[in-house]
Amino acid sequence: MVDNLVYIDDYIDNSTTATAKAAIDLIDNIDNLDASDRFIKLKAMVDLLTETAQRSSEKAALAKVTSDAVDRHCNRLDANLVKFEENYPIGKLRIASLPGLAPSSKTLREYSKLSSKEKITKKINDRKESQSAKKRRAAKEDMMSIPRSLKDARTHSDKGKPMKALPSRKNGKLKSSETDVSVDPNEPVYCYCQGVSYGEMVACDNAECDIEWFHLACVDLKTVPKGKWYCDNCNKYKGKQRRS
């Protein structure tokens, strides 16, 4: 099937080249040809173009057949995989082989209730969606590599808490590297400023800190401290606990 596609593709290229050469030859010598010769050359060009069009249709049909065959093989592999998992269950080992991919118990129960046909359909749909998911992930990674603007990122946190006031700064300005760039609304935000991650950041050593990560400029730091470091919110909370 692949050999047929290659053959038809080469044939179309050769026919197109031959038609172009015939057209150039006709134009260059048209004044020296009588009506009969012109008709013969034009008919030869028409025959070449007709044959090329037919081969193009054959190529499209063969490509469709090839694509359908690949889909059938992929669907058969998915079906065999489902049957294999049913006959040789290995628990969560295969599903959770990568960190962060372990499904919840609710998800596992719902999946186990599906019939074999439904499982096959689900796997096929997941495979079809994988390409678009990769594109979205790549676009998000590209955006992460660009410096973000804190001006446009001042919004509520994911936990629904109101934005906290910005800490004081020595010069009252952000670094020049923090340029105005549009921000992905789905990107997580950090720090007092509720901005996206950029540059060097420092983490609060309180495991229960609501914010966790802070931009150095927002907490009046030039470098990451070597010892333990706590944000203003956690320091105030620890002070209240000591007084009580």
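Positions of Cβ are set from backbone N, Cα and C atoms, glycine also.
All annotation found in TrEMBL is predicted automatically rather than curated by experts.
Here is what TrEMBL records for this protein:
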- 119-132: compositional bias 'Basic and acidic residues' (COMPBIAS)
- 119-181: region 'Disordered' (REGION)
- 139-161: compositional bias 'Basic and acidic residues' (COMPBIAS)
- 188-237: domain 'PHD-type' (DOMAIN)
- Tyr190: site 'Histone H3K4me3 binding' (SITE)
- Cys191, Cys193, His215, Cys218: Zn(2+) 1 binding site (BINDING)
- Met201: site 'Histone H3K4me3 binding' (SITE)
- Asp205: site 'Histone H3K4me3 binding' (SITE)
- Trp213: site 'Histone H3K4me3 binding' (SITE)
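Feature annotations (TrEMBL) mapped to structure.
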residue: Tyr190; record: site 'Histone H3K4me3 binding'; contacts (Cβ under 8 Å, 6+ apart): Val196, Ser197, Met201, Ile211, Glu212, Trp213, Phe214, His215
residue: Cys191; record: Zn(2+) 1 binding site; contacts (Cβ under 8 Å, 6+ apart): Met201, Ile211, Trp213, Phe214, His215, Cys218
residue: Asp205; record: site 'Histone H3K4me3 binding'; contacts (Cβ under 8 Å, 6+ apart): Lys228, Trp229, Tyr230
Helix, strand, coil residue numbers for the domain 'PHD-type' (188-237) per DSSP? 10 helix, 8 strand, 32 coil
Integer mean pLDDT for the domain 'PHD-type' (188-237): 88
Cβ neighbour count (within 10 Å, all chains shown) around Cys193 (Zn(2+) 1 binding site): 22
Counting across all protein chains shown, how many other Cβ atoms sit within 10 Å of the Cβ of Met201 (site 'Histone H3K4me3 binding')? 17
Between Trp213, His215, Cys218, which of the recorded positions has the fewest other CB atoms within 10 angstroms in the structure shown? Trp213
